Structure formats: C-alpha cells, structure tokens
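As recorded in Swiss-Prot:
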- 167-548: domain 'Protein kinase' (DOMAIN)
- VAL173, GLY174, LYS175, GLY176, ALA177, ALA178, GLY179, ILE180, ALA181, LYS196: ATP binding site (BINDING)
- ASP395: active site, proton acceptor (ACT_SITE)
Amino acid sequence: MSTLIDNHIEHLSKLSDKKICRILRIKPSKDIDKNDLITKLILDHYYGKPRLGNIIVIKSLQNGGVRNWEFNLEEIDSNNRQLDSTIPWNNDYSLREIQNTLNHRYNNINQDLVDLLSVDDMNNSLNTDFLKKFYTYFYIGNYNRDKLCQTMKTFAKSTKKVTSNGITKNKTVGKGAAGIAFLAETNSGSFEFVIKAMNNVKQYRNKSLDIGTILYKSELPLRSNVKNNHLEYLATDVMRTVELRYPGYSGYNAFISNEGLLYLNSANDNFTNQTIMHIVLNRILTQYDNDHFIYQFDAFFCENRSGLKRGTSTLTNKITLGKTNSTNVKQTDGYNIMEFANAGSLDAILDDWSKSINIDSNYETLLFMFNDIFVQILKTLKILQQPKFAFVHGDLKTKNIFVKTDGQINLPNGQVFPRYIYKIADYDKSSITWNGIRFHNSGNLGTNIIGKLYDNLNTLDLTSTVDSNYYYLTNICPFIESCTSIINGIELESIPIRYLPIPFYSSIDVYSFVTSMLCHKIFHNFVDYCLVRSIDNEITNILKHLFTETDLNIVMDHINNTFNSNKKLDLTKYGKIISIIKNNHIGLRKNINKIYDIYGIKLHMKETRTVVPNIILSADQNICLDKCKLNTCNIIQSTRYNRLSDQCYWKSTNSETQELHISDSDQIDREIDSDEQKQIIDNLFNDIKQQSKK
C-alpha cells in the first residue's frame, strides 16, 4: 500500500495547483500549500471521502475586517510598549536584576495559570485568561526595524563571534530542523545565557490558545465536530485505555458535562508548546525545590513584515485540522532565552568517561556517579508523572539532559570532582496536563490526520495479550506504517507518544532515557560488568525491574553488536533509540513505581481532587463559560470558530460539583493487578455514567 501511495503522490505532484484544486472542488488560493492539497487527495482516495469529509477541512476564508481574535500591527506595537522594560538583554544588568525584572511579568502569567478554569467569583464564569492573554505576554518584534530582532538576524548570519546592540554571540551551540541555538553574554561578560530560535511559529497572531474537547459518552449518537475540534467516543471504548495508562488520571483531569465525561486539550506549534512547558514546569518544580530542568528567562517573537501594510491583517487563511490560521508575514521565529548549562550535555560527558575510565579499578566511583545521574532524573520524573500532571517528555535521551557545575564533591576514591546538576531540557515535543487541560504538540498535517483516524482509541492500549502488565511498541506500527507518506519524516513511534490529546504511558520516558544511557560504552560496559559478576546494586536492580532477563540480554547484545561493528549509534534521533526497543519486541512495564522505591524517592506534596467540576457544552459542543441565560451561553473563543455565544443544549446538568470516587494515592503509587485495576475503572465509569444523567 505504501508503494501505491508513493506512486500516487509522484503523479499528483506533476499536476498544477489549479488542477488539484479543481479535482478537490475548492477555490485556488496562494495560501494553500500544494503538499496539503496532495495529502487531502491521497486520504480521500485511500481512506474514504465520507470519513475524511468529517475530519479534514481545507477552505479559503472570505475577505473581511480584522478578526476580533487576531493581532493587528497597532495592537502589537501597543503591547510591546508595555513589555519593553521586561526585555533587558541589551542592558548591562546582573543575572539577579534580570530575573527580578522578568519575574514581574511571570507573576501575571503564573496567576493566570493557577486560575485557569477556576470559577470567577465576580461574574460566576470560568476563568480562561491564560488562554486568552497568552501571546500578549510576549514581545513581538520585527526583523526589519526592531533592534532586538535585528540582533537575532545578525547572530543567525554570522558563523563567528559577533556583538550587536549590547549582546555578544560567542558561538552556535546547536542546530537542527526546528531551529538554532546561540550562546550569548552581556557586554561586560557578567553572565551567559542561551538563545534558542525556533522557526515557523504559526499561531501567535491569533492571541489565544485553542481548546479541543474529547467527549466520552455512555450512549449513542456520537456527534464529532471538527470545526471546533470536538471529538466524541463511547466511554466504554476509550476511558479504560486512559486509566490503564495513567491510573487516577480521570479523577484529576476529567470534567462532568451535560453529555458525558469530558477531557480538554490544547495543541500548539513547537515554539508555543515549548514555552508553555517551561512556564508549567517552572511552576510545578519550584514548589518541590527541584532544579533539574532548564530555566526559561523569557520568550519573544521576530517576524518579517515586508509583506504587510500598517492597519491591515491577513484576510485569506487556510484551516487544516491542528493547524491554525497562517498570516501574510513571510516568516516568524520564536526565541527562548534560557539558562546556560556550562558543562555541556550528559551525552558528551558519558562519551568522555568512555575514553578515560577503567571500570575494574573505578567500580565504586562509577556506581556513585551513575546513581547520582539516576537519582536527579528520576526524582524529577516522579514529580511530573503524578496523575494530575501526566507529563510525557517524548524525547528524553542523554543529548537532552544538560549539565551545570555547582562546586565540588569528594568521590569514593578520595578524588575531588565537579558537582554536576543534571537538567532535563528540550520540551517542544512534551505534553503535560494542568488544571484539566492537556497541553501537547500539534504535530503536522499528517500526524493530526492519523490521530483522527483512530476511530477506536482503545487500539492505543498496546497491552500484551500474554501479560497485561506490559505493552509493546510493535503494536503501534501496522496502522501508522500505511501512512508514512503523509507524516513528512516524523518517526512513526513518536506519533502516539507525542501528538495525541491523551497521555501515553509514563514509563516510556524512563525506557528512552535508560536505553540512551546503554548506548554509551561506559554505561553499557558497567552494566555488563555487573551482570557477568552477579553484582547487585541500584543500577542493576532498576534494569532488572524494567526488563525481563531475556529482554535485557537482547537489548545488551543488540547494542554490543553495534559497538563491535564499529558503527556509531545515532543518539540524535528519538526514533533511533526507541527502535531498539520496538524492533526487538521488548516488553515495557506500565507501572514502574518500584524503581523510585530503590532510591527511596517519595513525594511530600501530594494533592487530591475530591470533586469534579461541571462544564456545560452548548448545542454545537462549545464550552460554555457561564450558566445559560435565555437559552444562550458565552463560549470559549476559538480561531476555528469565531463566535462569542451559542445556544444551550437541551440536556441540562446539575450546577453543583459532583463527587467522583477515585483510587486513593496508595493505590495509584503501588502496582495494581489487572482485576483490581479493572474494578477501579469500572467503579469510576459507573460513577461518571450516573452523574452525567443527573
């Protein structure tokens, strides 16, 4: 089938845009990309027009005035004047002064984050300020006339050390398909920071973040509405899958609607998603005095406005699934200003150790250093993988763990060694739930379509038919592999892990991290040294819990064979690391809480959610922000659905919050057998089913 699709694509690519539009029966537009048109034709042909007709919409919007949810240039300039004082990068400030300046703005962001979806006492409506105001918190510059953006342009053009507007770029520290990163410092050299540029930011001009809804109903009919990103499934098909992945997730993050159990999500481009992750992680981890993440100082945009006239805005747009409206700005880049990890990456450090350390004479020292790495990473994941957050990094590997020095320590052999702080970085593909909204990466057109084609998300359970405590990535591929031609190079295994609005198994990050560690000779040989001599320690105990004896031997042999063939393992791509697990049909545990017990990692700030708020859905499945009055309610604005209000749906709901019986924290933290888990899920489902009928 894949060959047929490739041939079909090759044939269609020779046709003109105009002819393809005529086949699709849509009006030609310069804003509609030819690849998107071809994708639409391919999907219509191979997956059925009636089915895809409800999934994908490609159309031209009619000309009109500036939409009330879209920035125009006057708004941008006005907003920038308020933010100018919080962009101190060309001033000779100390790091502390810059942090204090930026914290003033972050206080506003944090308060909106805390209040997200709470009920405003003043007007008795849902608070959505974090969504509505998100992009107004950030400076939007212009490559053509703005000093800050001109500096970024200068940095991008130069391959050498260069100074512009009070900032010096020392060197380029990273470059890839998504963008480029510079190491910079103030003129006085008082401190260094990293500027990470990510290209092709799509949605910032729409001001607000879009919300999608997934409704799990106890009965038919299902009324999915792509126009406002509303999908409906039978709860019996899907809810059990969510709870098997993340026991307790529904209890923390579900809402009771007038039609059934409701989950919310917000899908965003790479830069927007990364910026949101930084804000949320900073909020969560600082409460636990955890410093094992890269801190974001600031974020801003630079756009090329050469095609714009003052007072005008883009008037012709395309809407395709997760994509939001494009603008006639030729290119917009997003910039994150982040702390500098002065010791490089864990990947580079392990490579250095591989060249210089003898295991036999340095066993105790290596065990100490490896335990230090594992403790710092695992205690951070333990916090973020609570059911209320359900964090999935989606790209956790040694190259995405940065290292900072903080004084010195004495090793077991008496040697003085730098004290390393290991920091998890690169969150553009990550996902997390906050106050009931799942923030995740939207992917591209192809990944969005694949996500929508899962009519029954229960297929994403991936549970082993032999042992229900394990899942297999091999079970992902049969469906997705038929769609390889439309996902534009995205690794197949990453699609359900990164791009779907329900969380993947939390254990996947631990497995990708451990597998990437094993791809370094020093760690692989250390583990082999311990296994051959039957040495029990924290590292081997973790590996023995994660893998069966047979699977661990398979993984070790696979990597060792690669070493012996003198092939260098490619640790830059997540798919290459995950493929070691997938291609060898390695079973992955769903519940890995025992590995945290090995290091005595416990949480001291657990929160429980004993009530589940109601959210009323309107007649067109939009979220009502307030109670219905005269059969009408105000609704959340959307770039796809430009309305402020909607008719109320005839099926009413109790306005009071509902009790939801969930498994307690002890049940969530320990490994539950399949029968007990099924009973918990059945009880939860029955509670929700009864409450949704009230």
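Glycine is no exception: its Cβ is also placed from the backbone N, Cα and C atoms.
Small disclaimer: the values here were computed from a predicted structure and weren't measured.
Comparing Cβ neighbour counts within 10 Å across the binding-site residues VAL173, ALA177, ALA181, the minimum falls on ALA177.
Under 8 Å, Cβ to Cβ, and six or more positions away along its own chain, GLY179 (ATP binding site) finds LYS196, ALA197, MET198, ASN199, ASP333. The two recorded residues, LYS175 (ATP binding site) and ASP395 (active site, proton acceptor), show a Cα separation of 16 Å. For the recorded positions listed here (LYS175, ASP395), the lowest count of other CB atoms within 10 A around the CB belongs to LYS175. Distance between Cα atoms for ALA181 (ATP binding site) and the residue listed as 'active site, proton acceptor': 18 Å, as a whole number.
In the three-state DSSP assignment, the secondary structure recorded for ALA181 (ATP binding site) is strand. VAL173 (ATP binding site) sits 19 Å from the residue listed as 'active site, proton acceptor', taking the Cα positions as reference.
Per-residue pLDDT, averaged over the domain 'Protein kinase' (167-548), rounds to 84. ASP395 (active site, proton acceptor) and ALA177 (ATP binding site) are 15 Å apart (CA-CA, integer value).
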